[in-house]
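K.L.:
Just passing along the structure, written as structure tokens.
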């Protein structure tokens with residue numbers, strides 16, 4: 001059996017308190033001495049938080065003391081915000097990494113997509129658009145397309161000597177002036193539509209998933225972008241699997257509303273009237 005006795009409190013010169021308590025347990029008397037220092041901590045909070053703490057409680061909590069009551073209040077999980085000391089350095093490192101990554105991406109000078117300018121599938125179409133926008137500007141689109149590759153032996157000799165050989169002049173490269181290459185380009189143009197008045201927020205994925213999904217497999221979708229800003233110019237070229245599917249898409253999509261704009265859909269190259 002434990003019996004507690006009266007306690008003694010002694011104020012010390014250093015500001016602490018000595019609390020002496022006595023306890024009798026199983027016929028033995030124990031003396032317990034505790035030295036306590038009282039520390040007053042003041043917390044600075046935002047004035048809006050301080051004003052909310054002064055709100056009067058209502059309902060079942062009327063006249064209740066300050067603080068949450070676990071019988072009527074459910075507390076969420078506490079989340080501690082841990083700020084790093086070198087957060088500024090980490091932010092600069094992430095910015096530098098993003099810049100290096102963006103500098104390494106290949107960008108076409110014509111349509112702004114991730115491929116070389118010489119391999120742009122809409123080279124001839126974009127040259128016509130550039131000529132309409134600025135008739136006095138030199139067109140450099142055809143400079144790579146009209147050059148015929150040199151002989152395989154000369155390109156191999158250049159490689160052996162360590163000289164740079166453009167891809168169009170390397171062994172096995174397609175001859176842009178050949179009939180087969182020209183026929184394949186013409187077949188692509190026959191099944192390619194030009195979509196204008198396109199919303200600037202529409203990208204290739206949006207067009208495939210929300211606009212072109214009824215027309216089966218779409219080999220190529222290119223949204224023309226501004227070379228400086230990277231924003232869409234409201235123009236896109238879509239190559240379909242066949243000319244018949246392209247004609248069906250042209251009839252169904254021309255004049256249709258998409259993302260708050262009325263689309264204008266036509267052939268990328270005008271068809272000859274029969």
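A Cβ is built for glycine as well, from the same backbone N, Cα and C atoms used for every other residue.
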K.L.:
In Swiss-Prot, which of 80-106, 107-133, 134-160, 161-187 is labelled region 'Disordered'?
P.N.:
161-187
K.L.:
Would you list the DSSP helix, strand and coil counts for the residues of the domain 'RRM' (191-270)?
P.N.:
22 helix, 27 strand, 31 coil
